[in-house]
């Protein structure tokens, strides 16, 4: 199901799109972590690193898109009867999105560290290695050099080669892109933090209204209690007055009867 933001305002469709994106981000984070675990092993290759970079950029784009959708979801018009359910749904989406972003950013930081380590190894190998066989790529040999427990190198003073420079430039460019992507995720975290803060203010306002209502109810109960007490006292007073009147009437009747007798 496709969704065009800003058109239609279908909350159910938008919520489904947000949930789908969150699931994709979570799955991509798992795949990125799995790929990171292959770096520095015999499975490492330029193609693997390229795939890793593409997966990171795709996930970063998903995160930006999801952030925009959640903002739009919170601004959709709603009826008073739907407000509570809409808020619960938004809170759940924000919580799930925050969890998926946390895992993704953790993988991003690990990827950046791996790239920095790779650049350092390229620079180091250029200074200590006498060169690599012509039938193998520089990056393949670096992977092999990393995986060996006791690499054998021929120490020579040799200037850095063009291949080394190319690899370094590529990896440094990848590092800069990763750092920019990490900053993008930080901005999204700020947006989510603002949403949570606004929700907290709303909750505080609701709690204040509830407390105010409770105070009013207590005051009303006290007034009702006082009214009931007053009513009971009034009835008691009325009964006493009636009793006194009856007694007086009886006395007067007795006196009149006595005079007649």
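For all residues, glycine too, the Cβ spot is worked out from N, Cα and C.
Marked as N-acetylserine by Swiss-Prot: 2.
The phosphothreonine annotation in Swiss-Prot covers 4 (among others), and the record cites similarity to another entry as its basis.
Among the features that Swiss-Prot reports, phosphoserine is placed at 45 (among others). Secondary structure from DSSP puts residue 45 (phosphoserine) in coil.
Note on the coiled coil (47-68): its mean pLDDT in the predicted model is 94. Summarising the annotation, Swiss-Prot assigns coiled coil to 47-68 and lists sequence analysis as the type of evidence.
What Swiss-Prot lists as phosphoserine is 75 (among others), and the listing cites similarity to another entry. Take the CB of residue 75 (phosphoserine) and look out to 10 A: across all protein chains shown you find 9 other CB atoms.
In the three-state DSSP scheme, residue 79 (phosphothreonine) falls into the coil class. Feature annotation from Swiss-Prot assigns phosphothreonine to 79 (among others).
Annotated phosphoserine per Swiss-Prot: 125 (among others), in sequence order, evidence recorded as a large-scale study or a structure entry. The number of other CB atoms found within 10 A of the CB of residue 125 (phosphoserine), across every protein chain shown, is 20.
What Swiss-Prot records for 126 (among others) is phosphoserine, and it gives a large-scale study or a structure entry as the kind of evidence.
The region 'Disordered' annotation in Swiss-Prot covers 128-148.
Taken from Swiss-Prot, the feature phosphoserine applies to 129 (among others), supported by a large-scale study or a structure entry.
If you look up Swiss-Prot, you'll see 165-227 marked as domain 't-SNARE coiled-coil homology'.
What Swiss-Prot lists as phosphoserine is 205 (among others), and the listing cites a large-scale study or a structure entry.
According to Swiss-Prot, the transmembrane segment annotation covers 239-259, on the basis of sequence analysis.
Residue 125 (phosphoserine) carries a helical DSSP state (H, G or I). Ranked by Cβ neighbours within 10 A across all protein chains shown, the modified residues 45, 79 are led by 45. Taking only the Cα positions, the spacing between residue 75 (phosphoserine) and residue 45 (phosphoserine) is 46 angstrom.
For the pair residue 125 (phosphoserine) and residue 79 (phosphothreonine), the C-alpha distance works out to 66 angstrom.
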